[in-house]
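Student: Sharing a structure with you now.
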Amino acid sequence: MYDFFMTWLLPFLIIVGKTLLLLVVLLVLVAYLLYADRKIWAAVQLRRGPNVVGPWGLLQSFADLIKFVVKEPIIPAGANKGVFLLAPFVSATLALSTWAVIPVSEGWEVAKINVGLLYILAISSLEVYGVIMGGWASNSKYPFLGALRSAAQMVSYEVSIGFVLVTVILISGSLDLTTIVLKQGQGLGTTLGLPFNSFLDWNWLVLFPMFIIFFISALAETNRPPFDLVEAESELVAGHMVEYSSTPYMLFFLGEYVAIVLMCALTTILFLGGWLPPLDVWWLNWIPGVIWFVLKVCFVFFWFAIVKAFVPRYRYDQLMRLGWKVFLPLSLAMVVITAAFLKFTNFV
């Protein structure tokens, strides 16, 4: 009995506890990043934004959650009921499951696997199925058009994201996210002979063109402005979510924002040193790594919100041209250049 407890039951309970803790922290983080997104957009438009529910409107996201849950879900008469209700659960579940391998600090992840980057790429590629299922099952042309746009958009920019990940793998020599973070101490700062490691060692400087490509591709992959063609209000209203209401709509919305925060976390891990402090000095190392990680995720999300507020929406042909005629050749060329550079130098 003791062997069973130590070998099977205890590890299972630890994983369940980690998963529940991650879900709670992630959902609270999403709630307040959504609040920050609305506040930033309001400030740009000279409005106050959420300010009624709770002090300074801090509980607005939780009030919205209650509003969605207590509403009645309406299913269109001609919809495929089973697929219609399953689609938002697929979208939200896949978005949440990608966080299983995200290390918020060294040793702080639900599942430690040595191909974490490949796992994230595989699971995030499946998220489009929830959108397609929702658009098709609604039995309406506008959701279906939004779903088709989403599929084309995600396929177009996943190729560029894949090549960006290849360059990071070449630099770090690993698919393990923890190793990728720890390897970011061999960049330009160390080469210049600085007395301590700094943010100059991180991949954002060494792979700056790929950093920009990844950031813009992340906007397109998550349907954020200026690439929100999937739910363009002026033409498709809410895209694949037109016929949804109540909890199913909330699940689609949750999956979308969890994917956005995931891209912010990936940007932090791949290019901004993960949980490493900006300067390797004792008074910054004293701060827990998870605090640095969350601060960097919030910093990246701030730029997501700024782009949403300032950049006008692209046309669909411009979106496709940028993905296939600009980012794809550039990212492929950078893979070749990075591989050649590493082959003939001792940089890594």
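Cβ coordinates are placed from backbone N, Cα and C, and glycine is handled just like the others.
Note that the coordinates shown come from a computational prediction; the quantities given were computed from them, not determined experimentally.
Pasting the relevant annotations from Swiss-Prot:
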TRANSMEM  10-30  transmembrane segment
TRANSMEM  82-102  transmembrane segment
TRANSMEM  115-135  transmembrane segment
TRANSMEM  161-181  transmembrane segment
TRANSMEM  199-219  transmembrane segment
TRANSMEM  251-271  transmembrane segment
TRANSMEM  287-307  transmembrane segment
TRANSMEM  322-342  transmembrane segment
Student: Please determine whether the transmembrane segment (251-271) and the transmembrane segment (322-342) are in contact (criterion: at least three Cβ-Cβ distances under 8 Å, sequence separation 6 or more).
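Tutor: Counting Cβ pairs under 8 Å, fewer than 3, so no.
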Student: The transmembrane segment (115-135): which same-chain residues, six or more beyond its ends, come within Cβ distance under 8 Å?
Tutor: 83-84, 86-92, 94-95, 97-98, 100-103, 109, 143-148, 150-151, 154-155, 158, 161-162, 165, 168-169, 175-178, 180, 221, 230, 239-241, 244, 252, 255, 259, 262, 266
